[in-house]
Amino acid sequence: MELYAAGRYDSEPFKMNEHDIIQLYGEDVQYVKNAFLSSDSTCNNNVYSLEEHELDDDKKNLSGVLVEYKIKISLLQSSDGVKHLFFCTNPKSVDIARMLEIPEGKDKTRVYFMMPLLVLCLGLSATFSGLNLAIMSFSINDLKLIQESDSDKLMKQRAMDVMRLRRNSNFVLVTIIFGNCFCNISITLLMNYFAEFYGFGGFIFVELISTALLLIFTEILPSLIFTKNALAIASRLQYFVIFTMCITSPISYPLAMLLNIILGKENADDSAPLDLDALQIDELEDEEAADGNNFHEMMSVVKKTIKLREKLASDVMTEIDKVGMYSEHQQVTHSFLLDAYEQGHSRLPVYEGETRNKIRGVLNITDMMLLMDDEGRGSDTDLTLGTMLSVLEKRRKHCFVLDTMPVEHFMSELQQGCPMAIVVRYKEVDSEEDGTEIYEVCGIVTLEDCIEEILGEIFDEKDARQE
């Protein structure tokens, strides 16, 4: 940069860059004591003293006298705009000092704001990636099994919290992915800003750093942290997810509705049955059976227990033709008690009159113990089963169920002491006439019948009759 030229003066200012060096040369350069920058052209206001720069060996061998001055532009830059200063020497070399243009400086306060913003974006990106793993790693069947069978109340509550989010699974998924993409793009832009501000690299360098940060914070850390405590973290961050859904709803909600139309909505209704195929119990059973342990039997019981939810009363009932039933007019005689005892009957269904469709109640064999003598022998009496039902009113506690009713709907009645459930089936009739029964008794269901569906055959009074 030649500031001293005999008989010449250029009115345009020199535009200074960070690494520019001012060179002075000429016959009288050796008389220059120092150089400085002034805010006015008269060189009366010294704002920055220049430091003489040591010459390279090549420049020392040049003919003539040469002096170099180096300017630290960063010390003179201002974020308010371009600054103009005048180069001056002592003593002056020309009547009019030469103007230098200092480019606009960078606002460091913005950097102090951008750094916390970068940390926030990294944290949010990791959170969104982790939530995607935590919430979507549990299937609807997994959550329902935890709600219904887990003994830990806290785990049940956490499963309920996550199930609340899964009712809008597409909306939640789009929200999480949108938030993750937004944070990742922001991280890349911020890294590019820092690279330009500090001047530490080009496009490839910025991409490498951004890729490394995203790999660590959005892939590795979420996989290590969120997968170990997925249900607990997803439950605790449910309100954060809901808040994010509200903020991003103008974009994420229409996309979620579009996914519902194209792919369908996930069935997260609490009343929906478990999808047994999704549980893959058969695969687990086959894998563990090769180990020769008891896992096969345990998984078989689990599978039968779950399938019991799908069965109807007609699937587990004992058909009425195989049930020992007695008329209300049957006298309680010695032979009757002996016959009932030998056949292994513990519960005696009593019907009204001559029709087996009108069940009056169910007597327990223990009720007959009142008529036994001290030696266990029955005595002939004039009592009938109908009379005993009238006396023992509590033994009339039984329930009627339709043959199409699911087993789980009347299991609680059997557990609470109901001796048996009478299964009825409605007849197909054109019109209902007076005194015409529109239903028929087709079987009975006891608690033992339900247990047999789970554990297999149990030796009970039905098997005693077959023996």
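Backbone N, Cα and C atoms are what each Cβ position is placed from, and that goes for glycine too.
As recorded in Swiss-Prot, the features of this protein are as follows:
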{"type": "DOMAIN", "residues": "107-293", "note": "domain 'CNNM transmembrane'"}
{"type": "DOMAIN", "residues": "317-381", "note": "domain 'CBS 1'"}
{"type": "DOMAIN", "residues": "394-461", "note": "domain 'CBS 2'"}
{"type": "CARBOHYD", "residues": "Asn61", "note": "N-linked glycosylation site"}
{"type": "CARBOHYD", "residues": "Asn364", "note": "N-linked glycosylation site"}
{"type": "TOPO_DOM", "residues": "1-110", "note": "topological domain 'Extracellular'"}
{"type": "TOPO_DOM", "residues": "132-170", "note": "topological domain 'Cytoplasmic'"}
{"type": "TOPO_DOM", "residues": "192-196", "note": "topological domain 'Extracellular'"}
{"type": "TOPO_DOM", "residues": "218-238", "note": "topological domain 'Cytoplasmic'"}
{"type": "TOPO_DOM", "residues": "260-467", "note": "topological domain 'Extracellular'"}
{"type": "TRANSMEM", "residues": "111-131", "note": "transmembrane segment"}
{"type": "TRANSMEM", "residues": "171-191", "note": "transmembrane segment"}
{"type": "TRANSMEM", "residues": "197-217", "note": "transmembrane segment"}
{"type": "TRANSMEM", "residues": "239-259", "note": "transmembrane segment"}
Within-chain partners of the transmembrane segment (171-191) [C-beta distance under 8 Å, separation at least 6 from its ends]:
114, 117-118, 121-122, 124-125, 128-129, 131-132, 135-136, 165, 206, 209-210, 213-214, 218, 241, 244-245, 248, 251-253, 255-256, 259
Per-residue pLDDT averaged over the topological domain 'Extracellular' (1-110) comes to what?
64
For the topological domain 'Cytoplasmic' (218-238), find every same-chain residue at least 6 residues outside the stretch whose CB is under 8 Å from a CB in it, and list them.
125-131, 133-135, 137-138, 146, 155, 157-159, 161-162, 164-165, 180, 184
Going by DSSP, is Asn364 (N-linked glycosylation site) sitting in a helix, a strand, or coil?
strand
Just to be sure I understand, if DSSP states are collapsed into helix, strand and coil, how many residues of the topological domain 'Cytoplasmic' (218-238) fall in each?
16 helix, 0 strand, 5 coil
If you draw a 10 Å sphere on the Cβ of Asn364 (N-linked glycosylation site), how many other Cβ atoms land inside?
15
Going by DSSP, how much of the topological domain 'Extracellular' (192-196) is helix, how much is strand and how much is coil, in residues?
5 helix, 0 strand, 0 coil
Would you mind splitting the topological domain 'Cytoplasmic' (132-170) into helix, strand and coil residue counts from DSSP?
31 helix, 0 strand, 8 coil
Count the residues of the domain 'CBS 1' (317-381) that DSSP assigns to helix (H, G, I), to strand (E, B) and to coil, and report the three numbers in that order.
19 helix, 18 strand, 28 coil
